[in-house]
Amino acid sequence: MRNFNVLLALTATICILTVFDYKINAQTIFINEIDNDPATKAVEVIETYLKKNAQYGLTLRIERIEANKTDAKDLLETICTKYAASIENKYPPHLILDTTKSGVPSETVKSFTQALGLPTISASYGQEGDLRQWRDIDADKQKYLLQIMPPADIIPEVVRSIVRKMNITNAAVLYDNTFIMDHKYKSLLQNIQTRHVITTITQGDRERTEEIEKLRNLDINNFFILGNLRTIGQVLGTYKVIYEENEQRILSLEKSNEGEITSKRDNATIMFLKPVVYTQQRERLGQLRTTYNLNDVPQIMTVFYFDLALRAFLAIRDMIQANAWPSAMKYMGCDDYQGGNTPIRNLDLREYFIKVNEPTSYGQFELVNERDKPFNGYSYVRFEMDIDMVEIRGGNSVNSKPIGRWTAGLDSPIMIKDETIINNLTADTVYRIYTQAPFIMRDPKAPKGYKGYCIDLINEISEIVHFDYTIQEVEDGKFGNMDENGHWNGIVKKLIDKQADIGLGSMSVMAEREIVIDFTVPYYDLVGITIMMQRPSTPSSLFKFLTVLETNVWLCILAAYFFTSFLMWVFDRWSPYSYQNNREKYKDDEEKREFNLKECLWFCMTSLTPQGGGEAPKNLSGRLVAATWWLFGFIIIASYTANLAAFLTVSRLDTPVESLDDLAKQYKILYAPLNGSSAMTYFERMANIEQMFYEIWKDLSLNDSLTPLERSKLAVWDYPVSDKYTKMWQAMQEAQLPTNLEEAVARVRNSTSATGFAFLGDATDIHYLVMTNCDLQVKLKEKWWKNDEVQAKCDKPEDQSDGISIENIGGVFIVIFVGIGMACITLLFEYWWYKYRKNPRIIDVTEVVPSGKKGKLPEGIILGRNEKHGNVKSNIALRSRLNQYPSNALKPRY
């Protein structure tokens, strides 16, 4: 089987073929493209064939004309000239035999035959609707303007059958100049969910390599090569350069010639298809090849043209013999055609063409016989193609195993002997995945070089759906945003350009993105924009408890302690009723405490503890000082204890920034999203919307066409819509937007209380960063917003320091001062009472001892004592106590 060549050259050869019969004379105009050698050879063989087989009653007369098919005008003039000469010579054509393929020659010929109403048999390429000049012909013209699709136009239909059978999701159809695919770009894989590319095969090695590499970048794994053996070998060699040896792919090769495949490819297993001759037609084909030298390649095309031309000539003969051909057919010249004066033909060439019983030499004609179904675009030659599995080792075909067969047709399925064999030939479904952090991180030890939540997720999906994938990071590090010109970047651009099948990562769903790509259901519940800032560090201190009170408070408490201790000592020394001034009076008390300076310091100190200060002073003034100190200490201890508990938790109770309003109200901390991110797009659009609303309101309020009443309703002192986002967007631009996530995180980590930076980004990204970094936090603390050095120092109800200030606890010191004052007054009163008021004389009253009772005292009462009996030192009935002591026994210390 040899290869057939179907060329796209823009030249044409026009031949006039006259068919003679010894009894019937008929003439046919044969129009052929200049390089369509199989058709030329077929007509030459027919001429010899009919001469040697007189039983057909036909004799041929041929005139050949060559014309450049790139010029439709020149081609039409050539046709009209030869057509006019045949009429003038009394040999008007019975039939136009058209073997042009497509393009200018085909359209020119069909315009000519349709306008002049000339019976035509065409072998042009195309299905229903592809023959534009014959697309809307009426029922009368459909009987004599006939088209039969050549085998080269049917063979590509096997691609559709294979794609359906094997559920191929991506494919590249490559073809050389032996095929014409212009009309199949839309129809070949129509209504099939297969991403595909149909393109010609370039001849240069470098150009072909670049072409295959582009297809590889589009994640194309399955290739269908339509061409001759030489073309197949070239593509296989290029395929080796682009694809790795261990990547299993299917190469479905469609061709129609005999020979072995040779290639620079060392190791490959491919699917190889070739047309075969029916058994009942092999003898006839062999006779044509040996006797008439019908050996031009591709053979299937040469034999097709032979069978088609012979059948057309026999149809004309049968019509003439059956008197179905008009005896005086009217022929109109090209110059006589005015656009609507085509002659009406009362003949049915289609009927006689279908009825011809002449056996074919390769395949069977499949002609539409139903009146309600179009003949053109559905009539073709039915043949079969063997499907073989061919192994290429060392550049040569070493083994060929038949695995199935395909019967040529417009919608014919392939028949496979063993389904497992063809499944092994299919390339694995490999998706090109582009990704971007977070949830994905590089790991050289991982199978795909990455690990993370998204990798585990896509692995689980691939196990369920059965596909493989390659993964890489997008070059610009962006998920995808659209500029003012409608151009995309990032992962979205890869998806639009079909360089990626899947975009994997925490990509936010946006309205413009949903227009061009599809999203899955969000796999993380945190969505929206979140603020990220450096986590504040709380310094630890062994003396943190001292910071509960301010320094001035501690100094005041210390001063009060020493002053109170000193005052208590003074009061105890100068009070006439203190213990040290009345030792005899308090000598029988269980507790005897002299409040010297040391004891006063100790008393005041221990009074602040739960154990208490011990015995209080005896004098009233000292007790009043002690009571005042106790009250002071109670308030101080209670305040310190309460504030200590609150102070230890105050860092956890700081009010965070809960909304963007808190962020917009301050000017100390810089903030910005990533440049080109969805967050940036959000703030930019919100700012633009605010500006648009402002312009609309301004235009309405200044519109002179409104009535004064209508304008007054729009007149307000201030703009009624907030400009929050306009100010925020301006602040972001001044802060300079980070170009990537790493830069944003670095700026956050380098933040200080003086130069703070907050990052606004996707909630999913930020929460992942916070989870994996201990020095970052999601919410900003209020203290970050209060470090502005130029802000006014205004007293606010909520402004409170960490410790108790002197303003909050100063009343305690007032209490102690009041108590000390009252103690001083009491001391003065005691002094006055003792010195200036006459002291009562204290005497002992005893009963005189009766005479005659020596040594025995009578019962009596001694003033100032609480005893009924006792020895007496004197027999004096009444005696002053002061007289019992020397004059210098009492020395007042005042």
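Note: Cβ is positioned from N, Cα and C throughout, glycine not excepted.
Unlike curated records, TrEMBL annotations are generated automatically.
Looking at Cys80, Cys556, Cys600, the record from TrEMBL puts Cys334 in a disulfide bond with Cys80. Comparing the Cα of Cys80 (disulfide bond) with the Cα of every entry in Ser508, Arg513, Ser678, Asp762, these being the binding-site residues, the smallest distance points to Arg513. For Cys334 (disulfide bond), the nearest of the binding-site residues by C-alpha distance turns out to be Arg513; the candidates were Ser508, Arg513, Asp762. The L-glutamate-binding residues named in the record, Ser508, Arg513, Ser678, Asp762, extend over a maximum Cα to Cα distance of 16 Å. Neighbours of the L-glutamate site: apart from Ser508, Arg513, Ser678, Asp762, residues of the same chain with C-beta atoms within 8 angstroms of the site's C-beta centroid are Phe479, Met507, Val509, Met510, Ser677, Ala679, Thr681.
Residues in the domain 'Ionotropic glutamate receptor L-glutamate and glycine-binding' (438-497) partition by DSSP class (helix H, G, I; strand E, B; coil) as 20 helix, 12 strand, 28 coil.
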